[in-house]
Amino acid sequence: MAAKTLAVVLIVASSWSFVPQLQLLWSSRSTDRLSNVYVLVNLISATQQLTIGLHGILVEPESFMHHQPKANFDDWLNVVQFVVVWIGHLATFFLVVSFSSSGIVQKGASVVIYAAYLSGTLAIIVYEVILGDVLYADWVRAMFLGMHIMYVNPVVHILAIVAFLFQARAMRSETGTASLSVQGLRVQSAVFFVVGVAWFFRLRIPRGGFYAEPGQPRYSAWTKLLVWYQMIGWATVANVIFAFVRGGLFLVARRHDEVTRGVAEAAPLLG
């Protein structure tokens, strides 16, 4: 019962954490100090998590990401967590593209890139759900999941870290807080760190999953860590990265505002 309550609390907290930024974007009709690249990468990361989550919980019948023989209430709470985060990032992306002062080419590029990524992720999940086992063989599902957990996940996580540089540069190039919610940075840093830690306990590899077959060499600590990351740890890693990046951006924003305020206060004296 406590686990379900915590899951519901995190769903509500995750949803609420997007409100400050969305409200500011809507009221200001401006995207000053917001990097289109950073917002796009965040949406791609959320889409990646939702894709693997839906595949493992709702599509793959033998997956250990859901209870057997089919998903129960706890599993559906996990799905809702992935969905609300994706919706929050999608709404942010939509407002940024709508209100951005960037040229039509840059806006169009962001939309095209995400549409292309969407066609290889969530669109495939819809395809899986509709066709089921009729035209979508087990080996195709395995290949799709394997590609994402072994290759796409690491790339997306690296991009999420690199995107910090784009957002930090955008924050330093403008004066004032403009359309960036500093409160939102602080709140999301805390909320998503807890979400990341919670995923460590909500998604678990079955007992014996870390051990080699009888007669085979024992797995090294590095191999166990790699298996954990690929199978379930991606959710923890993605959310913790997002939390630390938001926290880092909060510090950058505070520092930038302090410097700007100091320059403004010194201007009359220098004049």
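Quick reminder: no glycine exception, Cβ is built from N, Cα and C everywhere.
For 1-17, the entry in TrEMBL reads signal peptide.
Positions annotated as transmembrane segment by TrEMBL: 37-59 (among others).
Counting residues 6+ beyond its ends, the transmembrane segment (79-99) has Cβ neighbours under 8 Å at 7, 10-11, 14-15, 17-18, 21-22, 25-26, 28-31, 34, 36, 39-40, 42-43, 45-47, 49-50, 53-54, 57-58, 71, 107, 110-111, 114, 179, 195 in the same chain. Feature annotation from TrEMBL assigns transmembrane segment to 79-99 (among others).
If you look up TrEMBL, you'll see 111-130 (among others) marked as transmembrane segment.
For 142-166 (among others), the entry in TrEMBL reads transmembrane segment.
The transmembrane segment feature in TrEMBL is assigned to 187-205 (among others). Only residues 6 or more beyond the boundaries of the transmembrane segment (187-205), in the same chain, are considered here, and those with a CB under 8 A from a CB of the stretch are 3, 6-7, 10, 13-14, 16-18, 20, 64-65, 74, 78, 81, 227-228, 231-233, 235-240, 242-244, 246-247, 250.
If you look up TrEMBL, you'll see 225-245 (among others) marked as transmembrane segment.
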Inset, instruction - May I ask for the residues of the chain that lie six or more residues beyond the transmembrane segment (37-59) and have a Cβ under 8 Å from a Cβ within it? - result: 65-66, 71, 75, 78-79, 82-83, 85-86, 88-90, 92-93, 96, 110, 113-114, 117-118, 121-122, 124-125, 128-129, 141, 144-145, 148-149, 152-153, 156-157, 159-160, 162-164, 166-167, 170, 234-235, 238, 242
